[in-house]
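Trainee: One structure follows; several queries about it will come next.
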Amino acid sequence: MASSGVLASDPSPLQDFCVADTTSPVLVNGFVCKNPMHVNAEDFFFSGFNKPGNTNNRLGSNVTTVNVNQIAGLNTLGISLARIDYAPFGVNPPHTHPRATEILTVIEGTLHVGFITSNPQNRLIFKVLNAGDVFVFPQGLIHFQFNRGHKKAVAMARLGSQNPGRIEAKDLFGSNPKIDASVLAKAFQVDKKVIDYLQRQFGMDNNN
């Protein structure tokens, strides 16, 4: 009998570090390592995480990511970071991270957060968080945060991947190229005109 295993997270590093060489034309799962003799402190450094993000948008939120694209030294280390700023009644809309579990810490304000379990239960698991509270969003599950207060809110998120990815519900309507509107109309059981409108709206968002 033969058996096989499946890795469900970023692969473990085989050396002290593997700073991403973003100039290399070689395609691998992640990034090719920079020559370690050319590595310096700047490869492990990011500045400005203390600065609030601009929440002057329709969602009233802003996500500042610090992953392998911002810190090359995160390559192969299986971790990244995000700061989320929320205007009063701002929302970080329902989305998933296909490659990472997320642990969220509220720094300031009050957030209504939750995630939805997979089929067949599709349970909504939610909680109201205050400053100092911590909540976990399991890998791949749809989750959200909503600032239910009249003041701004700030949260920090740690994610278990150097590049967790993000897929939002709106991506169904803003994909490139577009999904045939008939497919989405049938899937959501709505008139095709509704899908046409949503594709115009979210297509414009993705082009901005």
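In case you wondered, yes, glycine gets a Cβ from its N, Cα and C as well.
TrEMBL entries are annotated by machine, without manual review.
Pasting the feature list from TrEMBL:
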BINDING   Asn92, His97, Glu102  oxalate binding site
BINDING   His95, His97, Glu102, His143  Mn(2+) binding site
DISULFID  Cys18-Cys33  disulfide bond
DOMAIN    47-196  domain 'Cupin type-1'
Trainee: How big is the gap, in Å, between the Cα of His97 (oxalate binding site) and that of His143 (Mn(2+) binding site), rounded to a whole number?
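Mentor: Answer for this pair: 9 Å between alpha carbons.
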Trainee: Relative to the mean position of the Cβ atoms of Asn92, His97, Glu102, the recorded oxalate site, which additional same-chain residues have Cβ within 8 Å?
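Mentor: Those within range, site residues removed, are Ala82, His95, Thr96, Ala100, Leu104, Phe137, His143, Ala157, Leu159, Pro164, Arg166.
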Trainee: Give me the Cα-Cα distance between His143 (Mn(2+) binding site) and Glu102 (oxalate binding site), rounded to a whole Å.
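Mentor: On Cα coordinates alone, these residues lie 10 Å apart.
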Trainee: I'd like the per-state residue tally for the domain 'Cupin type-1' (47-196) from DSSP, helix first, then strand, then coil.
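Mentor: Its residues fall into 20 helix, 58 strand, 72 coil.
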Trainee: Across all the protein chains here, work out how many other Cβ atoms are within 10 Å of the Cβ of His97 (oxalate binding site).
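Mentor: So the Cβ neighbour count for His97 (oxalate binding site) comes to 24.
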Trainee: Measuring Cα to Cα, how many angstrom lie between His95 (Mn(2+) binding site) and Glu102 (oxalate binding site)?
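Mentor: Computed Cα spacing between His95 (Mn(2+) binding site) and Glu102 (oxalate binding site) is 12 Å.
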